[in-house]
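First up is the structure itself, then whatever we jot down about it.
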Amino acid sequence: MILFRHWCWSFLGVVIESLPFIVIGAIISTIIQFYISEDIIKRIVPRRRGLAFLVAAFIGLVFPMCECAIVPVARSLIKKGVPIGITITFMLSVPIVNPFVITSTYYAFEANLTIVLIRVVGGILCSIIVGMLITYIFKDSTIESIISDGYLDLSCTCCSSNKKYYISKLDKLITIVCQASNEFLNISVYVILGAFISSIFGSIINEEILNDYTFNNILAVIIMLDISFLLSLCSEADAFVGSKFLNNFGIPAVSAFMILGPMMDLKNAILTLGLFKRKFATILIITILLVVTAFSICLSFISL
């Protein structure tokens, strides 16, 4: 009974915490689709690929977003013609390299700048590497082979999102509201499903029991990566949970926990599988897991 109650509170907590960010993501995604043309995108994105990856990795400093909102925004950017690898780098780095997450990490670890720096640099490096790998793997792919056409048809009927003309500003506003509502409904299904499953693991995993054991560096990294993926914590709050594991698991493992979670957790994996083609989503998820794992294991060999 206690376990069930804990699961209920955990599930409701994840859903309620996610809803505002889902709304923001749906609105931004809709605005991109309606107001940002392909020509504007081409002018904004640097032509030099290396510079474009760097801009994508650092843009979270001026465009902070939670991981709950970033996936639909990334989907809209790809539909508008932003290079796939650049978009993926943007999608992975923004939830880590942003002022709110950096500040929360700083306070959670009592002003330990080493951990803050590792998280930020790790987020930048891993997001760029994944973006480059995805660029190489899908260099000959079309947008249609990446964006899912199996989007759930949960839509309002007050307007048609296929209109190419508008009678008035009011009609345009109504169309945007309807389209944003459609985005919100479709995204919510996957987020709620992810919250349902991740809350089960959140109820089972007991940090006090884990802290009773001592693990070697590599095993500690793997365990913390698993916990990060299953718990599906918000990037603004995960540092406070990660700080509780620091003494027993060490900096590399806790850093892995805080880098992987915002990039790809169970909740976002389900959302990614829903919004993108299954092949693309699966390869993306595996690539993220491998890159973050490799980075964290390399970090474990450094004396910190």
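Positions of Cβ are set from backbone N, Cα and C atoms, glycine also.
The transmembrane segment annotation in TrEMBL covers 7-36 (among others). Counting only same-chain residues 6+ beyond the ends of the transmembrane segment (7-36), those with a CB under 8 A from a CB of the stretch are 65-66, 68-73, 75-77, 79-80, 175-176, 179-181, 183-184, 187-188, 191-192, 195-196, 198-200, 202-203, 232, 234, 237, 267.
Look at TrEMBL and you will find 51-74 (among others) tagged as transmembrane segment.
The transmembrane segment annotation in TrEMBL covers 86-109 (among others).
Sequence annotations record features per position, and here TrEMBL assigns transmembrane segment to 115-138 (among others).
Per TrEMBL, transmembrane segment is recorded for 184-205 (among others).
The list of residues near the transmembrane segment (217-233) in space but at least 6 beyond its ends in sequence, with Cβ under 8 angstroms from a Cβ of it, reads 14, 194-195, 198, 201-202, 205, 210, 241-242, 245, 248-250, 252-254, 256-258, 260-261, 264-269, 289, 292-293, 296-297, 299-301. Taken from TrEMBL, the feature transmembrane segment applies to 217-233 (among others).
Annotation source TrEMBL lists transmembrane segment at 245-263 (among others).
Same-chain residues lying 6+ beyond the ends of the transmembrane segment (283-302) with a Cβ under 8 Å from its Cβ atoms: 88, 92, 118, 122, 125-126, 129-130, 133-134, 137-138, 217-218, 220-222, 225, 229, 250-253, 255-256, 259-260, 263-264, 269, 272-273, 276. Residues or ranges marked as transmembrane segment by TrEMBL: 283-302 (among others).
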